[in-house]
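K.L.:
Structure incoming, see below.
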Amino acid sequence: MATDEVVKLQRHLSLLREEYVKLQTRLADVERKYSLAAAVSGDIDDNSFVARLLKTVASLFDQELYSDLRVHLDGKTVRAHKFVFSCRSNSWGVADLVNEDQLDLTDIPQDVGMVLLRWVYTDHIEPGLKDTFLLELMKTAKRFVLDTLVQKCEEGLMSSVTVKNCVRYYQTADEIGAKGLQRHCSELISNHWYDFDTEDFAHMSAPLLYNMFKTKTEYPLHTAIRTRREDVVFLYLIEFDAQLPGKLNEIDDKGNLPLDLALSSRQESIASTLINHKADVNATDYKGYTLLHQAIHRGDEFSAVFLIKHNALVNTAVPMEKETALHMVASFNTATSSDSTLEAMANVAALLLDKGASVNEQDCNGNTPLHRCIKANNSRIFQLLLKCDSLNLELKNNDEHTALWYTLHTSGGPYDSNSFAAQLAERGANLNATSKVTGDTLLHFAAQTLNEEAGQFLVDRGARCNITNGKGETALHVACCMGLSKLVRALLDHGADPNKQSLSISAMSEETTAYMQTPLHLAVLHQHPDTVKSILDYKVAAQQCPTNPPLPNLNLKNSKNETPLSLALELSLHSVARDLLAAGASLDVTDGEGLTLLHRAIMHQDTPGSLFLLEQGADFNLKTSNGETPLQLAIKRHLPAVVKALCELGADMTVVEEDCQSALWLALEGGQEDVASILVQYGCDPDCWSPGPGGCYQTLLHRAIDENNDSVACFLIRSGCDLNSPRRPGPHGEGDEEAYDRQSPLHLSCSWSQESVVQTLIEHGADINAQDIESRTPLHVAITNQNPLIISLLLGHPELHFIYPVHGVKKVLYKLSLNTG
């Protein structure tokens, strides 16, 4: 805005500069002529004849001397001289001044007349005269052909021309032929063209104004309409008669059509004139909007009604948006539009419908006028549309939404009898409208958008609850997914099947996605305990119902063989799991691999879940398909708390795996002494005789020593295992030499030079003098293996008996004694 003002000021200064240059040129010309005249006369003295003549003439103003003429002004008579008047002009309003002795100038204001007459005698007008006075003086001078005075007035006015008065000065200059002033005003008008309004041109004659419009603008017709000059419009129509109606449908640089300008300014007479000259009532702007579209867009009832009554097309759609006039009137929103505007557009809508406007046209988004008025909460248009017999309530927009869903989704309730939703339902709208793309019904949509109130409305009105979508999900499935407890109960109370299972959608999702989900599965999966409770409460109520409605089956499995209870446990929803169990869910149900819930919890290393199941009474003796008990699984997963709980409950700790591994050995072999301690604490046999090498029978201690597992051996010793028994033959005499060598654990540890084991055995009272089949004691074995530390440990035992039945032992001992000093 500031930039525009600067540009205008620059143009104004440029105009003043041009006038200044012109005046300088004239001054130079006058000075040249004066010098020439002075040179010709040869005398420029004040006492020269010419000078004295001018002074004499000037002194005769209103003097009796030589006076032969009386000039009558308004309220005053001036004594004048014919020869002076004749020198100034030959046009004084009489046929021949010579024959007159009176001049009647009473129609001229006295002050103007006096200034004019004084100038006639003195060639001078006083400075500081007002612009209005100069204008009147200039008009009078023009009347008597006093061109020099006209020019002086013109020069005086130019410096006073402003944007406010330039139009008036332009008109006056035109009337009197003051071309210089007119040209100056014209330039100023051009520079400030868009600053003028209708009032500025109100008093200008039609021909003059028309000529101005033609010179100042490319679109004189549009300008004439904007300035409300029907007479100028008439002149335009006369001039361009041969080019009509084409000229009437031209769009100006602002994108306006003549007819639209006339209508938007409520110039009905001009609009009718344009129509009578074949202006196109369906003409469009650059965007493809017809005049009717534009009128409605600005909420202009007058223009819209005029156009409709003059046969404007009512079903023409805007190219891009595809919206018709009816779409547009339906879109006026109660929140942003005044009551008067809403009422006006309702009147337009009624007229459109009377003229055959289609109520079922769809815009680029698939919305009908009904969709539009619902979105805008426009009850006036809504009521008009409902009265139309041809109204199709089931048309869907691009989002697959019917008008009923649109109002349920946008209004947000309450859905009383006066609501759009109730009225549509009463009118026969389909409560079970289904999306062709997803198969979702209105109930599905309500649940998906968390609109419980809408779902309740549909259920109460009789919507079918068991229609499935493309995923095989009912509205109950979706409500459970979203945690809509109230809607879940309402659906169940109205006959929704609680055991409906979803379909396989492997083509639409990852292979790992489960299907065959019941609503209860989904409520658990999405961790909605209140929704789970709604289903369980319904089950209790349904069991008391005389009509025997379907009860929720709490043990149905999904495609991954998961029950709602197993899902709850996997998600650590123990309170939900407790509720499910209380309602009758099976605790020992197995999956496709034969695993119970306890097996799965332990295998997933879910200690809290495992303990929960044990607290709830899960069977801890059931084995997996691989023959593993929960205790074995807990040991393998290193779950000491679970092992302890199982032991407390009396789990069988004697179970041995196919490879002869006992529960205790499993723990020890895995380095789980804490678990092993628990087992021993609760009475697990630390010996656990089992098949060994060659079929012989051995204890865990034999095995640990044989496998060089010192830490396990020491643990067993500390846990009170059998310290002295040698291996023995199997039940049927199986076994190689190991079964008959009668070597005690101390023999074996000495043989393998297991110093820590030997020391632990000695500390816990192992028989140091035990003899094997060859009568060898552990000392013999140690000496044979020449392990000084073990020999020293054995020799230092107070209960050692020196028995040397074996050849060469004395010799070894002698050498050893020499080495040890």
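The backbone N, Cα and C atoms fix where each Cβ goes, and this holds for glycine too.
Please treat TrEMBL annotations as automatic predictions, because they have not gone through curation.
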K.L.:
Would you please say which range out of 6-33, 202-229, 482-509 has the annotation coiled coil in TrEMBL?
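P.N.:
Based on what TrEMBL states, coiled coil spans 6-33.
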K.L.:
When you scan the chain for residues with a C-beta under 8 Å from the repeat 'ANK' (741-773), skipping those not six or more beyond its ends, what do you find?
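P.N.:
For the repeat 'ANK' (741-773), the far contacts come to 699, 701-702, 705-706, 708, 710, 713-714, 717-718, 723-727, 779, 781-782, 785, 787, 789-790, 793-794, 797, 799-801, 803.
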K.L.:
For the repeat 'ANK' (471-503), what are the same-chain contacts with Cβ under 8 Å, counting residues 6+ beyond its ends?
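P.N.:
Residues packing against the repeat 'ANK' (471-503) from afar: 439, 441, 443-444, 446-448, 450, 452, 455-456, 459-460, 465, 515-520, 522-523, 525-526, 528, 530-531, 533-535, 537-539, 542, 549-553, 556, 558.
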K.L.:
Please indicate, using numbers and ranges, the residues of the same chain that are 6 or more beyond the repeat 'ANK' (254-286) and have a C-beta under 8 Å from a C-beta there.
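P.N.:
For the repeat 'ANK' (254-286), the far contacts come to 221-222, 225-226, 228, 230, 233-234, 237, 244-245, 248, 292, 294-295, 298, 300, 302-303, 306-307, 310-313, 316.
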K.L.:
Six or more residues beyond either end and a Cβ under 8 Å away: which residues meet both conditions relative to the repeat 'ANK' (626-658)?
P.N.:
598-599, 602-603, 605, 607, 610-611, 614, 620, 664, 666-667, 670, 672, 674-675, 678-679, 681-685, 688, 690
